[in-house]
Each structure stands twice: as C-alpha cells, then as structure tokens.
Amino acid sequence: MFLLFMLAFSAVWMPIEPLNDNKGYMSLMHDVQNLHKLNGFMNKNPNTLSKITDLLAVSTNLRNLISEQNPFRSRESFPVENVTSDVTTDTESPASTTPPPSLPVSNICINHVKGIIQGLADKQQWALRMIDAAGKPPADILGGGLIWLGDYDECLSIQAAAISINKTSYSISGQYCIASLPLKIPPTMFSPAPSVSVGLCLPDSCSDTDASNLINSVISFVSNSSTQAVVSCKHPNKPYDTRAIIVLAVIVCFLVIMVAGTIYDVIIVQLPKWQRQAMLSELNGDLVVEASEKAPLIGQNKQIIVEETSDPGIFGKILLAFSIYTNGAKILNTDQNAGSLTAINGIRFLSMSWVILGHSYIFGLSLDDNVLTFLPRMLNRITFMAIANAFVSVDTFFTLSGILLTYLIMKELKKNDGKLNWGMFYFHRFWRLTPPYMLIFMVYIALFPYIGSGPVWPEDGLEPHYCKHGWYYNLFYINNFVDDPDQSCFGWAWYLANDMQFFVISPLIILPIFHFHIAGVIVILAFLLGTWTATGIMTTHWEIPLSVFDGGVNFMKLYVKPYFRMGPFLVGMYTGYLLYRTNFKHRMSKVAAFFGWVVAAVVACLVLYGQYDDLNGNRVSQEVSSLYNAVHRTLWGACVCWVVFSCANGYGGYINTVLSWKGFIPLSRLTYCTYLVHPIVIYYNQYTKQRLMHLTDIDV
C-alpha cells in the first residue's frame, strides 16, 4: 500500500493546475498565463525544494513500503475497521499517536484491500501488478512532471484474482482511480487551487466514495495535514444514456438519408446523363459536356452542350442535398467565378492551419511532463512568437469576414438599385452557419464521453452538466457574454458569436458607405475609435500586460467580447468597399506597391514578434501594454487587407501565385467545419493518452 503513503507525502508538493475533467477551452488559457508565476514561486520558496527532497527520499525506499510488513501499527490505530488484524509492522508511524476519525468504507472494499495486502505478503503476481500499475514520482519533477498516471491498462487487466482471507474466498479485479491533492498555495496567485495527481489501482469493489474515504483516511493517518484528496475512479464501457441513444439514432437517420440520396443521385440523375453523353460522343465524335460546366476550361475542341431534361422535384432536391457524390464534386471543384478574390482561399487555409497549431500547443499544456522547462526555453526563441502570439490568426478571419461581407453585399446593392431583402440577409447567414454548428455541438456533447478511455479521460465529457443550462446561448450566438463556467459550452465558439454579432450590426456601416461614402467612413471611424478606447481603458483597469502568457484572470473578458475585437472586421469592411469601387482595376506605381508591402511586412512583424522582450523579463509599462492591446489586432487586420487588396489588383507577385493556387480552393471550403471539429480531435488525442507527453520541437 505504498501508494497511499505517497499520496500523503505528496500533500506538500509544489503547485500545478489540478487535473480537471471539466476543464474547458476558457480555463486552458489560464493554465498558460500562470506558468511564469509557477517558476517564480519555486525560486522564491526554497522550502518547497526541501519538501520535494523529502518526498523523493520516500520514493527511493519503495521496497520497505511494499514489503510483507503492514504499514499500520495496529488494528486500533487504523482509521477503518477490519483491515489490519492479520498483519503488523515493525516501524511506528509518526502520526499514529492520534488516530484519525473513522470514515465509512464498505465491507467488501475493506476485505479486498486486505486481500491486496495479503497478496503482497504472499508475493502473488496480481497483487504486485496492482502496485506496479499505480503512479510513482518520475524523473524531472521540477520540469512539471506532477501528474503520476501509472499504467491504466495494466490495472484494468487484473481480472478476478482469487484470494482467501479467513477461509473466505474473494475475487478481486483492478479499478483505476485518480487522486488529486490540493496544495497550500496563496489563492491570490493560483485559481483554482493547484494540486498533484496520482494514479491508483484499487479493487473494483470500492465505490468512488469508498476510494475517497479510504485514501483520505490514510492521509490523515500518516500526516497531521487536514488536506483532503479529490478522488475519481474510471468506469470504462459505461452504458449509453438517453441523450446518447437519441443522438445515435439521429446520426443513423442522417447516414440512411445520405446513402439514399447518393443512390438516387447516381442511378436516377447521373447515370442517364452519362449514358446520353457516351451515346452522343460515340455518334458525333465530339466532346460532350453538361450545360452547367465551365466550357472555357475544356479547351478548343468542338463541344456539344447537353441540357438537363428532367426536374428532380422537391423530394429529389432534398435527397440530392445529402448526396455524397454531388456534394463531394462541389467541394472538390476548383472553378471560380470572375471577380473572385482568389488569394483569400490560401489565406483562409493557412490561417486555419495556424489556429490548429496554436491550439495543439495550448490544449495539451496541462498534460505535459516538462512544460516548466520546455515552454520557457521556447519563449527564449524569437521564432516561437509565431506560436506564442498565434492568437492574431483569429483576427485574420475577422478581417476576411468583413472584406467578403461588404464586397458581396455592395455588388448585390448595385444590382438591385440599393435595395436588399434584409430578412433574407439575416436568415441566410443563420441558416448557413447554424445546422452544421448545432449538429457537431449535439454529437460532441452527447457522444464525446463514450468515444475514448484512459487515465485522464473525462467520463462525463468536457462540458459542465452536458451544456444543459447553456446550449441556447450558443444557438442564439450570445455565448461570448456568458461568464458563468457552469453555463459556458463549446468554448471555442466564442469566435462564431463575435462574427455573428458583427454581421448583425454591419448594415449600420454598409448602407451609409454605399449611399454616402463620407458618412460611411465617419461611422467606421466612430466604431474603430470606440473599440480602441474601450480596449485601452479596460486593459489599464484590469492591469493586463502585453503578453497573454501572463494575462491574469481577466484576460478572457478582454479576449472574447465583441467591443474589444471589432477592429479587424472594420478595416476589412472598408477594404471590401474599396475592392467593390475599384473592381480590381486600381493602379499604383511599382514604388508605391513595394513600399506598401514593406510597411505591411514591418507592421505585421512588430505585432507578431513585439511581445518577445516582454515575455522574457523586460516588462514594458502598463501604458505601452494598453496601447498594444488596443491597436495591435486592427493593425494586423490592416496588413491582411493589404495582402488581399494588392493581390486582387495585380500587385501580389509570387505571393498571389501561391495564395491563389487552385489546390487551396477545396481546402478553404472545409475550414468552417474544420474550425468546429478540430478542438474535439485535439481533446480526444490528448485525453486518450496513457502517458504524459514530453514536449520537444517536433512532438506536440
């Protein structure tokens, strides 16, 4: 039972964020912000190092702790009844003079714990495996290896081990549990309270309550500390609940409709077309194409255009909407209409790749064993600022959203003499974004707890209360105003809420700038000045520094609110208006174009790499931090606008050639669903790991 002793001694351990199954997207940001504080605490508290040394000394004497001698002095000194009547110890525990209060533990759990102790005394392999499967202090603890997982699979592989106690036979199987011990660190430095987590292999007859009471009994027995461990046991292969069954039924219905739609499309719609084309081609020896295809892409060969001869009807159109063949063809189609902003495809894909890379680092920091050494080393590299400050990649999407919205709506207003169906304007946006959003939301909430397992797998999912109290905030795109963690769901959807809110108020800018250019510019400047002022004032009020890695608990308030994030969208809107007015025919000298690229490159580098000194100890004043936080996102958006504008007008050179590559077209069409799904994939990859990750330059 040496692991129970290790738990007790680890109560004096150094700080780390607790292993929390319900930790969502928002709290991950807070993990990053406290890393430097953690290093500072270690440096300023040398007593912590001595306590670590004491604990390591305990871990080096494991043989004594797992010997056939029971670690408890006597039956009377043990906090639970009927556990130690058969075995005594040669060593007196320093805390045994004051027996702790008795805690309720079921009889079967007590007897099975006795069985493990007896199995160890008899040197039975299954009992040794239960000890072997438990977590132990690793090397490089000071580097952040403070979650000791043990071996999850080894523990669960112990099935129906037979043991006889007092002529009674017992069958013992392994159950994996995690015990987290909160540490006595000032709450002003860390929130929530930090802890150290240890994996345990206990009998599966012990309930979560039994495990918690048993472990806390031992802790109070060997230590005068009042620290209470938080214990959670894993229950793999749990049965599906009602919500999961309903969602599975919905998924099956979708799959059936997709199969039916694809069969209908191929057999009823496409096959007759192929047959007609083959017949006409054979008879005439000419190239036959459909009327809907882009004939100029075919070349100079003589063509026969085949018109569609049948209308599939309403039911047929519904089936075709689910056809894998038709939808796949649309996604993979690389044709673009005249007047398309081709460079946006590359920008969108590369920016989404950047977002995923940044999230891959951030989401896994709490499950790495060397984060305290790896991250400071990385932050010393100026090139790592592309990861440390990857947050501006989101501002690229706000900028593109403003450009495309204004450019397309301006063209529609011109075509309709300044009139637009504003009801359809809003409905189309809602209808285009919401179905895939809510479908993925539903599947994620209901099924995520069942798709994996492991020592840190969140068996109730990552969202509090299965989003029972907050899902409608996401449906109405106001989830970025929800500060209550118990009502916040699908945390990365804060971006969608902001983008929808920008869209809702966009007519306040679009109509003035279309009818009266000066009035529209004034409105844009008013919004821009407002967002800069609000951001600067609140950054100063909350004392938020330049770097988000040390942003404090108020940073997320600044990060997700629309009135702090609107700058890139505004400059994007004005760029969209300029593209509409110039119709891609704006002319400038080569000197002016070169100067524009130089300025854009310098400003973008200042925004991206300007945090380097601040991150490495050369703190800037609060005034400079407030100015940076107020304007840097807008400046980044302006740089993106220059790239789009110059490429559209023929001044992009090789940059435009790369960004306009046709291979980016289908990839860019997938960015929305990729945005919705990629955190789930990252979470799955992180929480199904059997070992903590050791970060290197290539392992993320």
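Using N, Cα and C of the backbone, Cβ positions are placed for all residues, glycine too.
For 106-235, the entry in TrEMBL reads domain 'Nose resistant-to-fluoxetine protein N-terminal'. Here TrEMBL flags 77-102 as region 'Disordered'. Annotation comment: TrEMBL describes 1-18 as signal peptide. Residues or ranges marked as transmembrane segment by TrEMBL: 244-269, 349-367, 387-409, 430-451, 492-514, 521-542, 562-580, 592-612, 635-659.
Take the transmembrane segment (562-580) and the stretches 244-269, 492-514, 635-659: counting Cβ pairs under 8 Å, 635-659 has the most. With pairs at least 6 apart in sequence, the transmembrane segment (492-514) and the transmembrane segment (521-542) have 3 or more Cβ pairs within the 8 Å limit; the two touch. Take the transmembrane segment (430-451) and the stretches 349-367, 387-409, 492-514, 592-612, 635-659: counting Cβ pairs under 8 Å, 492-514 has the most.
DSSP assignment over the domain 'Nose resistant-to-fluoxetine protein N-terminal' (106-235) gives 46 helix, 34 strand, 50 coil. If one looks beyond the transmembrane segment (387-409) by at least 6 residues along the same chain, the residues whose Cβ comes under 8 Å of a Cβ in the stretch are 341, 344, 347-348, 351, 354-355, 357-358, 361, 378-379, 420, 425, 495, 498-499, 502-503, 506, 509-510, 513, 547-549, 559, 565-577, 579-580, 607-609, 611, 615, 632-633, 636-637, 640-641, 644.
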